[in-house]
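S.K.: Pasting in a structure now, in structure tokens, and then I'll have a few things to ask.
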């Protein structure tokens with residue numbers, strides 16, 4: 001029998017990572033496209049309706065992402081159990097995930113329902129405030145469905161089955177457009193709800209996607225041995241919930257801190273004028289789109305690293321981490337090159353104002369530089385989640401974003417302490433600095449974990465399963 005060389009192993013691992021991450025990427029694109037469709041279709045009603053979607057999303061997203069972050073403890077846990085021939089324990093994790101939803105949904109729902117307290121103090125027009133509040137209240141009915149969808153998606157992702165979520169999200173996107181048309185503009189005898197109609201349509205889509213994901217999970221042949229639905233309602237298990245919260249809470253806080261960083265940046269730039277905010281938003285939108293590539297790769301890395309560790313193969317987990325890092329940097333090289341070459345054309349997609357295009361193009365140069373650090377920190381972060389080392393991600397993220405990034409950005413952007421105030425350029429320089437430091441620290445953390453003896457590492461992971 002011919003022995004497989006290291007190079008052949010790397011090729012196999014690279015293929016596995018790409019095949020696993022592509023459906024995740026397409027699902028992310030479809031999910032983000034729903035928000036884009038909502039904005040465009042609401043904008044055809046009025047500027048106030050479009051603005052309501054934007055303001056509502058700025059409140060909705062951090063809260064929902066927190067709930068989603070808690071459930072992201074499931075993929076590394078499930079992939080580890082799957083790899084270690086402990087599939088009989090997977091159903092228990094999924095059922096306890098439902099308890100995580102039940103515990104988190106009450107405070108999240110209350111915050112969304114009473115968001116009028118914040119909105120009414122933002123100083124916006126009364127008409128806009130009322131549309132935003134009604135939009136969020138409509139979205140609220142879809143919150144349980146969305147979190148249940150994430151719970152069962154995490155099960156499938158942990159089993160390295162990423163295609164179902166891709167197909168279901170694409171179906172959701174296709175349904176979102178006609179449902180928006182009916183509820184926004186008032187068709188088929190339904191009243192015209194404007195932006196609120198987007199909330200109604202999204203709620204319906206979330207419930208449909210949730211039902212489809214649960215139906216797939218229940219009928220999939222490769223999951224019948226798990227018996228997830230035999231006793232779907234089980235009592236909360238304090239030990240399991242503690243382990244899942246211990247893994248998920250740092251992820252949830254880290255996600256929210258990142259969302260909050262960019263939201264606060266936009267607010268701090270607002271006094272500098274429309275052009276500054278617009279150019280920053282162009283660079284941020286471009287960055288968010290490109291970010292889906294390393295993020296998908298990072299999620300695939302979590303799954304395969306967790307599975308390899310479950311198979312008691314730390315060497316394979318290490319190899320997967322470095323192969324993923326190579327793919328991430330290779331992808332960043334391509335996207336950074338395209339960003340630099342096409343920076344004026346990219347800015348021109350968003351606006352026609354030459355001054356805004358020029359400023360946005362200069363920010364996109366910094367954005368191109370930032371992509372390398374971003375790729376490293378996202379992929380290495382994915383590997384660390386596979387090692388179930390989520391606290392390190394939280395501490396490093398908080399330090400780099402809030403102790404380094406925000407103060408440096410504010411000083412360079414808004415003050416003359418170091419140089420003449422640089423406007424949005426100052427914040428983008430800070431992003432490059434903070435992400436580079438984060439990438440170095442996260443990589444060092446991964447290196448330290450991988451230096452542990454196999455026995456020491458596997459014993460620790462067994463305690464966390």
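In case you wondered, yes, glycine gets a Cβ from its N, Cα and C as well.
Sharing the record's features from Swiss-Prot:
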- 50-72: transmembrane segment (TRANSMEM)
- 92-114: transmembrane segment (TRANSMEM)
- 127-149: transmembrane segment (TRANSMEM)
- 164-186: transmembrane segment (TRANSMEM)
- 193-215: transmembrane segment (TRANSMEM)
- 248-270: transmembrane segment (TRANSMEM)
- 283-305: transmembrane segment (TRANSMEM)
- 320-342: transmembrane segment (TRANSMEM)
- 393-412: transmembrane segment (TRANSMEM)
- 422-444: transmembrane segment (TRANSMEM)
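Please situate the listed features within the shown structure.
M.R.: Within the chain carrying the transmembrane segment (127-149), a Cβ under 8 angstroms from the stretch's Cβ atoms is held by residues 48-49, 51-53, 55-56, 59-60, 64, 67-68, 71, 98, 101, 104-105, 108-109, 112-113, 115-116, 119-120, 193-196, 198-200, 202-207, 209-210, 213-214, all 6 or more beyond its ends.
Counting only same-chain residues 6+ beyond the ends of the transmembrane segment (164-186), those with a CB under 8 A from a CB of the stretch are 23-24, 26-27, 30-31, 33-34, 37-38, 41-42, 45, 153, 156-157, 192-198, 200-202, 204-206, 208-209, 212-213, 216, 220.
Outside the transmembrane segment (193-215) by six or more residues, the chain places 34, 38, 41-42, 45-46, 48-50, 52-53, 56, 131-132, 134-139, 141-142, 145-146, 148-149, 152-153, 156, 164-165, 168-169, 171-172, 175-176, 179-180, 182-186 with a CB less than 8 A from a CB of the stretch.
A Cβ distance under 8 Å defines the sequence-distant neighbours of the transmembrane segment (248-270), meaning residues of its chain 6+ beyond its ends; these are 58, 61-62, 65-74, 100, 276-277, 280-281, 284, 385, 390-391, 393-394, 397-398, 401-402, 405-406, 409-410, 413-414, 423-424, 427.
Listed by sequence, the residues of this chain that lie at least six past the ends of the transmembrane segment (320-342) yet keep a Cβ under 8 A from its Cβ atoms are 10, 13-14, 16-18, 286, 290, 293-294, 297-298, 300-301, 304-305, 308, 364-365, 367-369, 371-372, 374-376, 378-380, 382-383, 386, 446, 450.
Listed by sequence, the residues of this chain that lie at least six past the ends of the transmembrane segment (393-412) yet keep a Cβ under 8 A from its Cβ atoms are 250-251, 253-254, 257-258, 261, 264-265, 268, 381, 384-385, 418-419, 421-422, 425-427, 429-431, 433-435, 437-438, 441-442, 445.
Here the transmembrane segment (422-444) has Cβ contacts under 8 Å with residues 265, 268-269, 272, 276-277, 279-280, 283, 359, 362-363, 366-367, 369-370, 373-374, 376-377, 380-381, 384, 392-393, 396-397, 399-401, 404-406, 408-414 of the same chain, all six or more residues outside its ends.
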S.K.: Can you name the far-off residues of the same chain, 6+ from the ends of the transmembrane segment (283-305), with a Cβ under 8 Å from a Cβ of it?
M.R.: 13, 16-17, 20-22, 24-25, 28-29, 32, 75-76, 79, 157-158, 160, 162, 262, 266, 317, 320-321, 324, 327-328, 331-332, 335, 339, 346, 350, 360, 363-364, 366-367, 370-371, 374-375, 378-379, 381-383, 385-387, 424, 428
